[in-house]
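A.B. asks: I have a structure here, written as C-alpha cells, and I will follow up with some questions on it.
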C-alpha cells in the first residue's frame with residue numbers, strides 16, 4: 001500500500017472552502033502557494049552575482065517562517081525555541097497576518113531596486129495574501145482554518161501502520 005499526495009489532501013474540504021467566501025481561507029491558500037514560491041525562487045536567485053543574493057536568502061527564510069505560520073501543526077512536532085513559537089503565535093488573527101504579509105511583500109518589492117528578478121512573483125504572491133487577509137479583517141470575518149490539508153486526527157488520515165507497511 002503506497003502513500004500518495006491524495007491521501008493528505010481533502011478535496012471535499014476544498015469545495016467547502018470555496019463556497020464559504022471567507023477571505024482568511026483564501027489568504028491561507030495563497031500562503032501555501034507562497035511557501036513554494038519563496039523557497040523555490042529564493043534558491044533560484046542565489047545564483048545572481050549582485051545584491052539580489054541577499055533578497056534570495058531573505059525569501060528562503062520568509063518561506064520557512066510562512067510554513068510555520070500557515071501550518072501550525074509543525075510547531076508541535078518540530079523542536080523550536082519558545083521565543084520563535086511565541087513570535088509565530090502572534091499572527092493568529094486576520095489583521096496581524098495582513099500586516100505580516102504586507103511587510104514581507106515590501107521587503108521583496110525593495111529587491112527591484114537592485115535588479116528586476118523573479119522575486120517580483122514572490123512579492124506579488126505575498127501581496128495577494130495580504131489583500132485576502134485585509135478583506136477578511138475589514139469584513140469582520142472570523143479567522144478560519146482551511147480544510148485542504150487533512151488533520152492528523154481525522155479518521156481517514158494515513159497513520160503509522162500504513163507507513164510501516166510501506167517500509
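Cβ coordinates are placed from backbone N, Cα and C, and glycine is handled just like the others.
Grabbed the feature section from Swiss-Prot, which reads as follows:
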- 22: N-linked glycosylation site (CARBOHYD)
- 146: phosphothreonine (MOD_RES)
- 153: phosphothreonine (MOD_RES)
- 23-43: transmembrane segment (TRANSMEM)
- 49-69: transmembrane segment (TRANSMEM)
- 98-114: transmembrane segment (TRANSMEM)
- 121-137: transmembrane segment (TRANSMEM)
A.B. asks: Take the transmembrane segment (49-69) and find every residue of the same chain, 6 or more past its ends, with a Cβ under 8 Å from one of its Cβ atoms.
C.D. replies: 31, 34-39, 41-43, 75, 78, 80, 84, 88, 91, 97, 100, 104, 107-108, 110-111, 114-115, 117, 119, 122, 126
A.B. asks: Including all protein chains displayed, how many Cβ atoms other than that of residue 22 (N-linked glycosylation site) lie within 10 Å of its Cβ?
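C.D. replies: Cβ-Cβ neighbours of residue 22 (N-linked glycosylation site) within 10 Å number 21.
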A.B. asks: Please indicate, using numbers and ranges, the residues of the same chain that are 6 or more beyond the transmembrane segment (23-43) and have a C-beta under 8 Å from a C-beta there.
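C.D. replies: For the transmembrane segment (23-43), the sequence-distant neighbours (Cβ-Cβ under 8 Å, at least 6 residues beyond its ends) are 17, 56-64, 66-67, 69-70, 94, 97-98, 101, 118-119, 121-122, 125-126, 128-130, 132-133, 135-136, 139, 141-146, 148.
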